[in-house]
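Visitor: Per TrEMBL, domain 'Major facilitator superfamily (MFS) profile' is recorded for 1-456. Sequence annotations record features per position, and here TrEMBL assigns transmembrane segment to 32-57, 77-98, 167-186, 198-217, 261-286, 298-318, 339-359, 396-420, 432-451.
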Amino acid sequence: MDTEFLRFKFEDSHDGVITKTKFKIGIRHIQIIYMFMCSVVMGAMRGSTGVGILAISDMDHNSSYIEMHNWSQRIQGIILSSYFFGYALFLIPAEVYLAQFGEKLVLTAVLLINGSMSAAMPTIVNKGGWIATCNAQFLMGMTQACITPVNQKLITNWLPPHERSTFNCIVQGGLMLGIIIGLPISGLISEARLGWELVFYSQAMMTFSMAVIWGLLTASRPDKHKAVGDWESDFIKETSKFYRKKTLKNPWRRVLRTRQFWAIAVSHAVSNAIFIFFLVNIPAYLKSFQLPLYEATFQVMLAFASLCLVYILTAPSLDWAYRIGIVDHFFDIRYLRKLVNGLGMIGLVTGLILLSNFIPGNQWTVFLMMITLSSLSLQYSGFLENHKDMSQNFSGTLLVMTSTVAGVVGAFVPLMTGMIVVDVTDQTCWKIMYFILSALVIVSGVFYTAFGESDRQFWDDGPRIKYAYTNETTLELDEFESTI
């Protein structure tokens, strides 16, 4: 698509785009497309990394072109945990520091670092062994934690306020789409002659290509983009002129002392543990029953696709019912999140227990995996939307804090699975993992039901200021009241 053509059409034919009531495409939306593509690429890396590590130890792959490594489940678990620990431990530093400057060079650096590590991964594995691979995965996890805060800052720079929420969801959704795409493709690539090495080389080609596109065709702000016309630049400035972010101090300590925060954090942690288990361990579970790796990854992809679809359908619908008060006709609206979370808990526990007793390879196993992750999406529609209820000024900070707790807990899942599942063909070991996860789901569900709340919390900036974003009139009123 020619950006110069869009610039001409924007300036000469679509003058209504400068109004808030009309939506017309502009260069800012091209920028969002590139951001979405970056998210898809990084999501594909997350989806294919676990498959690549599993393929390294696939001794059934007969090829003289590559070197295979007979790594145990414990070693594979340590390597995968290294990535998730790096991601979890860098979430808060990335939010605090990178959210202040959303320069495109930061995202370019993330793409280049991940591309370089992926290109070097075969050498790292063959020459450095599993310890060097752990260090490389830890570094990749750290850099990928920078994606979300940088994207949010870029969205703030590029979009008028009324477009930010919608396009932020689209950009973040690219990560899940990337996982869905990356799983089956990496499984298929791993069956080629170059096997697991081709998986990492494909990651490198993908990220390097995206880095070139991003570096050459995007900008940090509209005034730095040569294709942005005067009308669109003025439109973005005018709509954001009276919509400024207040300088608020994050109440870290007060949040950590509230049981309502921990109710969400515990639910988030357990749901993330289920997510990671399905992402990196279920392919190995399916493969242990003589399923080809590409078929195993395809089945897991179907489960994640069902998760994504159900969340897209349920989360906006529940939020709409919550806002217009339909739920008030049936029960207290404060219990909506708990009800949805409870339904998801029942589906998760049922699905995990049934999966432990089904032999993979038939359509019922695929159906159960889809039902299980669909139930997980119901939980996302419950507790994951609770951040907005508890805080209008710090919901993003609250989400980062619970994500950090969830990331640390989720990072232990591959490690714990590797220690419990000593023999990948022993179904009894897998049953233990399923029952442990089921027990965690029940505990988290009870804890959230007992201590979770939808009321706005006392640490959320005072009762007078409703939103962290405000306009000039509100600022002048605040200054006037402070003099009385």
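Here the Cβ of each residue, glycine as well, is placed from N, Cα and C on the backbone.
What you see is a predicted model, and the numbers here were worked out from it, not measured in a lab.
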Visitor: Mind pulling out the one from 77-98, 167-186, 298-318, 339-359, 432-451 with the most Cβ pairs under 8 angstroms to the transmembrane segment (396-420)?
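Guide: Looking only at 77-98, 167-186, 298-318, 339-359, 432-451, the most contacts with the transmembrane segment (396-420) come from 77-98.
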Visitor: For the transmembrane segment (339-359), give me same-chain residues lying six or more residues beyond its boundaries with a C-beta closer than 8 angstroms to one of its C-beta atoms, as numbers and ranges.
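Guide: Residues 267, 274, 289, 314, 318, 331, 365, 368-369, 371-372, 374-383, 427, 430-431, 434-435, 437-438, 441-442, 444-445, 448-449, 452 contact the transmembrane segment (339-359) from elsewhere in the chain.
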Visitor: Could you give the mean pLDDT over the domain 'Major facilitator superfamily (MFS) profile' (1-456), rounded to a whole number?
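Guide: Mean per-residue confidence for the domain 'Major facilitator superfamily (MFS) profile' (1-456): 84 out of 100.
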